[in-house]
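Data block below; observations after.
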Amino acid sequence: MPVLGCVCLRPGLRVDDSWGPRVLWCVVSRCRSEPEGHVPPTTLPALPGVSLPHRLFYRYQDLAPQLVPLSYTSRPDVKVPYELIGSMPELKDNPFRQRIARVFSDDGDGHMTLDNFLDMFSVMSEMAPRDLKAYYAFKIYDFNDDGYICVWDLGQTVTKLTRGELSAEEVSLVCEKVLDEADGDHDGRLSLEDFQNVILRAPDFLSTFHIRI
Amino acid sequence: MMMAKKWAKFLRDFENFKAACIPWENKIKAIESQFGSSVASYFLFLRWMYGVNMVLFILTFSLIMLPEYLWGLPYGSLPRKTVPRAEEASAANFGVLYDFNGLAQYSVLFYGYYDNKRTIGWMNFRLPLSYFLVGIMCIGYSFLVVLKAMTKNIGDDGGGDDNTFNFSWKVFTSWDYLIGNPETADNKFNSITMNFKEAIIEERAAQVEENVHLIRFLRFLANFFVFLTLGGSGYLIFWAVKRSQEFAQQDPDTLGWWEKNEMNMVMSLLGMFCPTLFDLFAELEDYHPLIALKWLLGRIFALLLGNLYVFILALMDEINNKIEEEKLVKANITLWEANMIKAYNASLSGNSTGPPFFVHPADVPRGPCWETMVGQEFVRLTVSDVLTTYVTILIGDFLRACFVRFCNYCWCWDLEYGYPSYTEFDISGNVLALIFNQGMIWMGSFFAPSLPGINILRLHTSMYFQCWAVMCCNVPEARVFKASRSNNFYLGMLLLILFLSTMPVLYMIVSLPPSFDCGPFSGKNRMFEVIGETLEHDFPSWMAKILRQLSNPGLVIAVVLVMALTIYYLNATAKGQKAANLDLKKKMKQLQLLVASSFQSYAGGPEVLLTLRFKTNDFCKGQEHKHCEVTVPLFSP
């Protein structure tokens, strides 16, 4: 898909400069457009004094030190496989980690480049705007990637949330209720608008859909 | 071009620096990943309060305490700055200092030390004016900062739809992405499953005919008990304050530790144990846990508020006593002065030149100082509150955890799963305690400029201590019911407390005469006269005339009317814009459907975006008088 200058244009939503964590967008564009700049390999990433984008780069590099080079001047095409991403402490207990990795990866297979990695953490950060988070939440819960959350997607979500402890009948009752409540255009599935309508009013959404790194 | 790049880089680095300066990020992250976002919200609130208190501390320290320390007359030069002769022997004892008497009382920490000279030092720093203005500025700043935080959160507040999206919210927002710990994740899974099961049961259950009368009677009974408890606690505090007045008349050496600290201990203990009583009474009521939580919070709020106001009433009683006492003391002092002058003249009659008339400041009889007394009471209350909290955490959480952990091997039943097990972190209790402590700081800081400093110390140590206690002794809650939709519930309470705390202070400033013998306003009829005095002396006379005209009641009423009209107009405009916004969204959706339906057989290929360009910027962000754009995705592959 065409990427115009800034990573954030991928979903087709137009974003102006005041959106999103500026720091991360700038770092990403740095990786693309400034051939003379590269992320300087300095000290350990655990220090709080190191800036956020540097810290994220070092976390990425730590996942696969043999694979990821310390210098991105030559614009290497490196992807860290999903197994390593899914074992990060921030993600390993999350039932949706596979969906998250797939949504943010280029080919939908869960293997992430540095850009994907930065995207993921910037959308999940505190500073990302509500609309952007709602958009990505929709994609995460859309298990079959058809652009709509249908009954099967809902069933998958509920099963993952309860680790299979609800009976099939209870799961289908829940899915029915959700469609009752949220399906605005009555087509038996949730479109992005329906989803946004529900989620943007939820009081807990911003505080739970957040990963701190 | 290079300059623009360098400037952008500088701004970026500055943003990074600002983000790195935020304290305790790692601690809060650790708590978040283990306990989830609701427990962490308490620590975020604590950190925010620390920031507010830091600003108050900087204001009071740099504009009141430091100038007096640097340029004011030193200790021992004036009667008000010296420990009286009678108390000198014990002035440096730890017991006396702990009570904030003795040397601690006659220092920059309290109101009574400050001199009433109009200017001090070589810079002609106007201390009484600064004292008054800093007091008002602290209140104003606190209001601003709380309101700003509330308006920032207003967008987050859902708008009150509690049941419309019940299941949808459960499905899409119940997982807490911050969790990074397997045990917490387990708990979360269990709580989500239980939540779903309960909701399903509620959904399926028919209307069960319960015994309505029994339930109503039980609820009435529970409320009656609660009322009794509130009344009882109010009476207990009043009685304790009266007793402390009696103790104040007695010789301090005959009193034990309990008698000296009785009132503060009573207030802190009541605040600690009555909520447990309320919990007990709530068992009778049999409400849904969320509603029961709201009732509990309301009752604890009423309890703490009642306690605070009874305390203030008792204080007002004492203040009035002191003001009465002042008249007597004034008469005594004039007598004493007359006697001293007679004695001096008598000693002088022998030789024509003699030693100059000098009385050591410690020997001069002293007038009562109600402002310092008020300041001392608040400082003592704060200190005892802190100690009670820490001791309760140590005993209630830490010792209990140790007991459960180590005695489990040799106990009949499983201590960890049955009673007593580990404590859960009580979010609402802690937040309420924090809010009320802040209320006391706001009330007392006009009379004891050191109070924000003491509070800073307290919040700093609280952060570390409570972080340690939470990670070491508490377990994540099995069921989480959030009392507040957004943080606005607690911020709203904070705003209410701020308002209720500043009322007594403003009343005291406006209607009580300052003590004649201590403080920066001594000798004046009312504290706010310092403003009038400054206008007369320091500003040209035409400005004083103008300001006097401006405070004309007719003009003030007109200004208030204009402000009310402006508020109404802005409100109406905002409503109109919201409606127009909704209208536009509907139109775009219709257009989208229309175009999308004609592309139904289109599969694959590039995205199609529709860009709408507006002539004005009423509907989107953009520069003034230039068009702005909104892009709508019409079709995505």
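Glycine too: its Cβ is placed from the backbone N, Cα and C atoms.
Those TrEMBL annotations? Automatic predictions, nothing curated.
Note that the structure is predicted; figures quoted are calculated from it, not measured.
Marked as domain 'TMC' by TrEMBL: B:369-484. As annotated by TrEMBL, transmembrane segment applies to B:50-71, B:125-147, B:220-241, B:296-316, B:489-510, B:550-570.
The DSSP breakdown of the domain 'TMC' (B:369-484) into helical (H, G, I), extended (E, B) and coil residues amounts to 82 helix, 4 strand, 30 coil.
Here the listed stretches are B:220-241, B:296-316, B:489-510, B:550-570, and the one with the most C-beta pairs under 8 angstroms to the transmembrane segment (B:125-147) is B:489-510. Beyond the transmembrane segment (B:220-241), the same-chain residues lying 6 or more positions past its ends with a Cβ under 8 Å from any Cβ of the stretch are 262-263, 266-267, 270, 274, 277-278, 281-282, 284-285, 299, 302-303, 306-307, 310-311, 313-315, 317-318.
Beyond its flanks by at least six residues, the transmembrane segment (B:50-71) meets 108-109, 113-115, 120-123, 125, 127, 130-131, 134, 137-138, 141-142, 145, 438, 441, 445, 449-450, 452-453, 455-456, 459-460, 463 of its own chain at Cβ-Cβ distances under 8 Å. Per-residue confidence over the domain 'TMC' (B:369-484) averages 85 (mean pLDDT, predicted model).
Outside the transmembrane segment (B:296-316) by six or more residues, the chain places 226, 229-230, 233-234, 237-238, 241-242, 267, 270-271, 274-275, 278-279, 282, 374, 377, 381, 428-429, 432, 436, 439-440, 443, 483, 493, 497, 500, 504 with a CB less than 8 A from a CB of the stretch.
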